[in-house]
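J.: OK, Swiss-Prot features for this one:
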type: SIGNAL; residues: 1-23; note: signal peptide
type: REGION; residues: 89-115; note: region 'Disordered'
type: CARBOHYD; residues: Asn191; note: N-linked glycosylation site
type: CARBOHYD; residues: Asn298; note: N-linked glycosylation site
type: CARBOHYD; residues: Asn338; note: N-linked glycosylation site
type: CARBOHYD; residues: Asn391; note: N-linked glycosylation site
type: ACT_SITE; residues: Asp437; note: active site
type: ACT_SITE; residues: Glu440; note: active site
type: CARBOHYD; residues: Asn471; note: N-linked glycosylation site
type: ACT_SITE; residues: Asp534; note: active site, proton donor
type: CARBOHYD; residues: Asn570; note: N-linked glycosylation site
Amino acid sequence: MATVGVLLLCLCLCLFAPRLCSSKEEGPLAARTVLAVAVTMEGALRAEAATGGRSSTGDVQRLAVYASLETDSRLRVRITDADHPRWEVPQDIIPRPAPGDVLHDAPPASSAPLQGRVLSPAGSDLVLTVHASPFRFTVSRRSTGDTLFDTAPGLVFRDKYLEVTSALPAGRASLYGLGEHTKSSFRLRHNDSFTLWNADIGASYVDVNLYGSHPFYMDVRAPGTAHGVLLLSSNGMDVLYGGSYVTYKVIGGVLDFYFFAGPNPLAVVDQYTQLIARPAPMPYWSFGFHQCRYGYLNVSDLERVVARYAKARIPLEVMWTDIDYMDGFKDFTLDRVNFTAAELRPFVDRLHRNAQKYVLILDPGIRVDPIDATYGTFVRGMQQDIFLKRNGTNFVGNVWPGDVYFPDFMHPAAAEFWAREISLFRRTIPVDGLWIDMNEISNFYNPEPMNALDDPPYRINNDGTGRPINNKTVRPLAVHYGGVTEYEEHNLFGLLEARATGRGVLRDTGRRPFVLSRSTFVGSGRYTAYWTGDNAATWGDLRYSINTMLSFGLFGMPMIGADICGFNGNTTEELCGRWIQLGAFYPFSRDHSAIFTVRRELYLWPSVAASGRKALGLRYQLLPYFYTLMYEAHMTGAPIARPLFFSYPHDVATYGVDRQFLLGRGVLVSPVLEPGPTTVDAYFPAGRWYRLYDYSLAVATRTGKHVRLPAPADTVNVHLTGGTILPLQQSALTTSRARRTAFHLLVALAEDGTASGYLFLDDGDSPEYGRRSDWSMVRFNYKIPNNKGAIKVKSEVVHNSYAQSRTLVISKVVLMGHRSPAAPKKLTVHVNSAEVEASSSAGTRYQNAGGLGGVAHIGGLSLVVGEEFELKVAMSY
């Protein structure tokens with residue numbers, strides 16, 4: 001039966017993806033046998049697998065297999081050539097435990113095949129079984145016996161082509177990840193292929209490889225367990241998902257698999273980001289609203305935009321400028337007519353006086369201009385010899401400024417060069433963050449006649465059509481420092497540039513850096529935020545933005561958003577209005593548009609301005625919550641924006657939900673994603689759900705429920721789940737002003753009468769985020785036995801250095817979902833046993849919602865955030 005299963009897998013591969021079965025590199029699968037197995041003193045497993053004889057297909061004869069349980073929840077299986085070193089992601093780029101030595105002096109194979117060996121340390125839920133003849137391996141879950149990864153016999157390992165297939169349980173596996181692609185579904189569809197090769201392709205194109213490569217997926221299986229799988233490789237690849245199998249086809253490197261036990265989605269991302277690096281902490285101001293456009297005319301144009309946002313009373317935190325500001329599109333220069341230092345510097349200074357920020361774009365290509373010794377960046381780059389090479393000379397590309405050289409960020413001096421250029425430029429224009437674009441790397445030159453690296457034996461499905469991998473990028477034969485070819489390093493460039501940029505900003509400012517990168521790889525979240533690239537002003541792109549946002553949360557990149565109102569093409573008033581209602585709840589919220597398209601600043605249409613004020617007004621109230629979620633992301637990898645199954649993994653109905661999302665565990669966003677409707681269909685998992693705009697109980701369900709909600713043109717549905725305590729502040733036009741307002745606590749009761757939450761506070765831009773810096777953590781708890789008796793809200797100050805030295809107060813507590821037969825005649829309020837005024841003039845009142853639960857507003861409070869308190873509310877009838 002095993003042989004039949006393998007034949008069926010191969011048949012499915014050819015039926016559903018014939019292109020993947022036509023490569024000249026593919027041929028008879030090599031049967032391998034384990035020749036030797038050893039267990040190291042550290043408990044790792046080492047083995048050698050070899051083919052039965054000389055292969056006519058170029059298979060590597062001897063493979064070294066290394067397997068180790070690196071933590072109780074993380075298993076590594078690495079397969080490489082036993083006799084020759086091969087490219088793999090360098091340790092200094094993604095620090096990780098080094099594998100053990102390979103077996104070079106294994107004993108010859110015996111006539112009787114070795115039995116399968118098992119790696120199953122006590123305390124771990126992961127079990128590895130290595131099968132001897134033919135060689136294959138299986139990863140299973142000890143607690144359930146469920147098989148997580150089961151490779152088919154016939155692993156292929158050639159110099160430029162590696163292939164391995166794993167069976168999956170048909171009907172039970174739900175896969176997410178394997179990016180970056182614009183997909184119409186967050187859950188991966190059966191019989192689909194996923195190409196990973198960083199490319200300058202517009203995000204408006206569906207089902208093609210885009211700017212980043214993340215060979216990681218999460219598998220959520222009924223009834224609610226989850227695990228993760230990473231193939232750590234920077235080489236180009238196709239991954240084919242057929243529902244009952246997943247096949248990797250990689251054009252180089254090694255097979256370096258990591259398996260993460262979970263057993264729930266939050267645990268998987270915790271384990272994954274523990275390996276690849278935790279997400280970078282973002283400055284508080286970056287959670288404000290951002291405005292950008294490719295095509296701003298001059299500094300006066302920027303000034304008008306800022307002034308009109310203020311006049312319209314729409315929050316604006318950060319003003320951005322695209323490549324328009326440059327002199328001939330050259331990095332670290334200013335246009336000599338429209339964006340002179342004499343005009344731009346005072347504009348930036350005025351932004352700063354108003355507690356607003358300024359961000360500029362950089363592209364990696366440095367203009368080749370040897371006759372112009374005044375372009376200092378080029379001159380210094382040549383002096384330090386840090387550019388990418390070809391045949392011993394600098395590789396010439398072509399982008400916006402014309403011919404360019406690209407910094408080689410694998411060169412040990414390149415990061416220092418980049419940091420110095422940032423510092424020199426900031427002396428003229430003190431930008432607050434940097435946006436790095438075109439770093440796939442994008443290259444406008446048409447491919448030259450191809451060689452073996454341009455067109456390897458297996459052609460991945462680049463651009464959805466199998467284009468050569470040199471299309472619109474640096475040629476794979478270009479050489480990085482140390483002799484590494486672009487063929488191997490290609491997918492790492494954006495990560496390396498983000499690392500150099502972030503470190504440069506940190507060194508120059510001493511503050512927490514904000515970097516936004518278009519190209520990403522495994523671990524990029526350690527250095528950069530991300531946006532979904534060049535989307536289009538269409539309703540489809542509005543919908544797809546949720547899928548990409550949720551996928552990047554899995555990849556350890558929680559600070560993500562899409563260009564609000566769409567980048568390419570002309571938007572419409574209705575689309576822009578609905579987009580800001582969604583975009584106000586992206587972790588990264590920015591309006592951006594392309595040159596020669598209609599402008600789309602939010603104030604241009606009265607209806608969009610109204611939607612913006614309402615949605616962004618709520619976002620700014622939620623800033624303490626967003627920032628607390630950023631702290632959670634930095635400490636545990638938990639996404640800010642999450643799919644519903646993160647909180648409800650046992651509810652199978654949530655597995656396919658991708659038109660709604662959660663912020664943290666408590667806030668549910670259900671936007672309108674089509675033109676015309678004034679209602680939206682939403683799914684509510686089991687529990688109580690309260691409207692965040694008016695605090696009323698909207699849905700109470702024990703099993704999960706689909707509900708049609710009213711969604712008038714100026715409103716997005718946002719709900720708070722029962723059991724949550726949510727700290728809010730008041731809305732303002734900047735985050736700085738919002739931070740100076742008093743806190744409110746929303747206490748949304750669960751069915752059992754409990755609720756909890758927490759608040760993280762610091763100065764908003766200290767580099768030592770939540771560790772050695774000045775910070776505070778406060779936990780809030782609520783419990784009322786059987787929904788009867790006095791109400792008690794308690795705070796617990798876990799860490800207090802920040803709040804203790806500042807006057808931060810909670811002026812109001814709102815209790816939502818209190819069951820009461822009638823409105824109480826009187827509310828008596830005690831704080832730490834002392835009675836306080838509870839009059840209507842102080843803002844205390846009770847809103848009776850009948851059987852759906854009442855809302856008690858307790859106002860006039862001065863609860864000090866940095867001091868523990870107990871708030872007790874008694875109701876007299």
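Each Cβ is built from the backbone N, Cα and C atoms, and glycine gets one as well.
Quick caveat, the model's predicted, so the values are computed rather than measured.
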J.: Based on Cα distances to Asp534 (active site, proton donor), point out the closest of the recorded positions Asn191, Asn298, Asp437, Glu440.
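T.: Closest by Cα: Asp437.
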J.: Does anything in the same chain, at least 6 positions from Asn471 (N-linked glycosylation site), have a Cβ under 8 Å from its Cβ, and if so what?
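T.: Counting only residues 6 or more apart in sequence, the Cβ neighbours of Asn471 (N-linked glycosylation site) under 8 Å are Ala199, Pro447, Asn462, Asp463.
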J.: Other than its own, how many Cβ atoms are within 10 Å of the Cβ belonging to Asn391 (N-linked glycosylation site)?
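T.: So the Cβ neighbour count for Asn391 (N-linked glycosylation site) comes to 8.
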J.: In sequence order, which same-chain residues at least six apart have a C-beta under 8 angstroms from Glu440 (active site)?
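T.: Expected: Asn198, Ala199, Asp200, Tyr211, Thr473, Phe493, Gly494, Arg518, Ser519.
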J.: Of Asn191, Asn298, the glycosylation sites given in the record, which has the fewest other CB atoms within 10 A of its CB?
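T.: Counting other Cβ atoms within 10 Å of each of the glycosylation sites Asn191, Asn298, the minimum falls on Asn191.
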J.: Cβ-Cβ under 8 Å from Asp437 (active site), same chain, 6 or more residues apart: which ones?
T.: Ile361, Leu362, Asp363, Arg518
J.: Cα-Cα, whole number of Å: Asn191 (N-linked glycosylation site) versus Asn298 (N-linked glycosylation site)?
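T.: Their Cα atoms are separated by 50 Å.
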J.: Out of Asn338, Asp534, Asn570, give me whichever of these recorded positions has the highest number of other Cβ atoms within 10 Å.
T.: Asp534
